[in-house]
Amino acid sequence: LFPWQKMTLLLAMVTLISAFGSSFQYGYNVSVINSPAPVVFYNLTYLERNKKPMDSNLQTLLWSVTVSMFPLGGFFGSLMVGPLVNKCGRKGTLLINNAFSIIAAILMGTSEVAKTFEVIILSRIIMGIYAGLASNVVPMFLGEMSPRNLRGAVGIVPQLFITIGILIAQVLGLNSLLGNAKGWPVLLGLTGIPSLIQLLILPFFPESPRYLLIQKGDEEQARQALQKLRGWDDVDDEIEEMRQEDRSEKEEGHISVLSLFTVRGLRWQLISIIVMMMGQQLSGINAVSKYGLTCVGKAPGVTKKVIRLQRLIKSNKTTGFPVPHSPLLQVFIVESLGRRILLLAGFGMCCVSLSTRDSNCLWDFNICIYLPGPIPFVMITEMFLQSSRPAAFMVGGSVHWLCNFTVGLVFLYMEAGLGAYSFLIFCAICLATIVYIFIIVPETKNKTFVEINRIMAKRNKVEFQSEKEELKDFKTVPGEQAGKSEVSQSQL
């Protein structure tokens with residue numbers, strides 16, 4: 001059978017509602033703040049309060065804080081994922097998370113009437129918490145709901161909706177639509193609508209079967225959820241797979257975040273994830289997304305209107321219309337060329353684009369970082385075993401949001417001092433990341449977890465762990481994985 005023949009209507013609806021209600025808003029709020037209209041509101045409000053215009057330094061500070069509050073909130077949100085998903089479940093966490101978005105939308109939508117820009121800053125951190133939770137919980141929820149042969153396809157959907165959200169924000173942010181003095185409160189407040197839709201519809205869908213069985217211990221509810229999602233009654237094989245995963249997890253235990261920094265055998269894995277996450281977020285993509293109109297618009301002979309239209313056209317080529325098939329293409333590239341080649345090629349093209357001060361090359365840079373974009377998250381899964389993987393994701397997510405926050409806070413000051421040369425700093429970071437990946441990061445394509453960890457054990461100058469402990473990671477699927485385990489034993 002072809003994989004899509006097992007995609008039931010219920011699973012498709014769960015995927016679309018979860019991605020639209022959560023991931024879409026992540027992308028929307030990344031891009032929507034690029035509209036210049038709220039900056040004008042900041043100046044007018046300050047003038048009305050103090051009877052004098054706002055100082056340019058204060059304006060830079062306030063807008064930098066406004067932009068950077070979103071990733072700061074994302075960092076706090078990522079720290080809340082573990083406690084919430086374990087106590088409230090995956091679906092329950094998504095439902096609770098909608099409250100953050102709706103509250104922030106109301107505050108931003110009424111900020112002009114209240115004549116206060118402070119609530120916009122507060123709302124940005126609330127929306128950041130929402131995004132930090134959504135960016136982790138949605139992939140977890142959909143991955144646990146999907147059958148093995150559809151996890152890759154379903155896992156693409158959140159990224160698809162993130163890029164659609166970016167595009168929609170750019171379109172609605174045009175001055176002729178909502179990116180003007182009258183329309184910007186509506187532009188910011190629209191973010192609450194997807195959450196409201198999700199809040200009304202998601203309760204009718206089942207909870208993650210793996211959460212119900214492994215964490216709640218309710219096999220009957222897990223079985224019923226699986227039967228609804230698969231469209232047939234015989235789900236014994238998946239139930240048995242979950243039981244084995246539960247037993248393996250209990251035998252292995254977990255490594256905490258603190259322990260992760262002290263285990264010598266995980267030293268280079270941890271450093272590699274931190275370097276790749278920093279390289280991804282400090283590549284300059286966030287500066288272009290948040291401040292593109294500001295910095296490029298200062299180029300001689302380039303008007304704001306031309307830049308905004310140019311950005312919209314470019315976005316249609318990089319993050320808009322190709323969205324439905326570009327993530328699928330990315331999956332095939334990863335499996336054919338490998339992770340290491342994709343990382344080196346992506347950061348290499350970013351480095352070349354950033355070293356050119358031509359605005360067209362700078363906009364074309366957007367597509368470069370999309371090549372290695374999701375690879376660090378894939379590498380976390382492959383470079384860490386079951387017991388250390390959750391802590392590794394927490395560290396990687398924290399680095400992701402903290403670097404995003406730093407760029408949002410300091411870039412305007414960099415641009416004020418260095419002008420177009422500020423992008424050379426990002427160029428240097430990309431170059432350093434390339435050197436590190438070339439020397440340290442191994443190719444993980446078509447390698448088992450055991451083989452990858454044997455390579456990293458040599459890098460860490462420690463003895464490889466015992467066969468018995470390592471082979472636990474091959475017990476997830478009866479029959480098929482058993483054959484792989486026998487091969488691995490013979491290799492060892």
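Including glycine, each Cβ sits where the backbone N, Cα and C put it.
What TrEMBL annotates here:
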- 1-19: signal peptide (SIGNAL)
- 15-445: domain 'Major facilitator superfamily (MFS) profile' (DOMAIN)
- 61-82: transmembrane segment (TRANSMEM)
- 94-114: transmembrane segment (TRANSMEM)
- 120-142: transmembrane segment (TRANSMEM)
- 154-172: transmembrane segment (TRANSMEM)
- 184-205: transmembrane segment (TRANSMEM)
- 362-380: transmembrane segment (TRANSMEM)
- 392-414: transmembrane segment (TRANSMEM)
- 420-441: transmembrane segment (TRANSMEM)
- 473-492: region 'Disordered' (REGION)
Who are the long-range neighbours of the transmembrane segment (61-82) in its own chain, taking Cβ under 8 Å and residues 6 or more past its ends? 29-30, 33, 38-39, 42, 54, 93, 117, 120-122, 124-137, 286, 290-291, 390, 394, 397-398, 400-402, 404-413
Averaged over the domain 'Major facilitator superfamily (MFS) profile' (15-445), what pLDDT does the prediction give? 77
Hey, which bits of the same chain come close to the transmembrane segment (392-414), Cβ under 8 Å, at least six residues off its ends? 60, 63-65, 67-68, 70-72, 74-75, 78-79, 81-82, 128, 132, 135-136, 257, 260, 269-270, 273-274, 277-278, 280-282, 286-287, 290-291, 294, 376-377, 380, 383-384, 422, 425
Hey, which bits of the same chain come close to the transmembrane segment (120-142), Cβ under 8 Å, at least six residues off its ends? 14-15, 18-19, 22-23, 25-26, 29, 33, 38, 62, 65-67, 69-81, 84-85, 90-91, 93-94, 97, 100-101, 103-105, 107-108, 111, 154-155, 157-158, 188, 191, 195, 208, 393, 397, 401
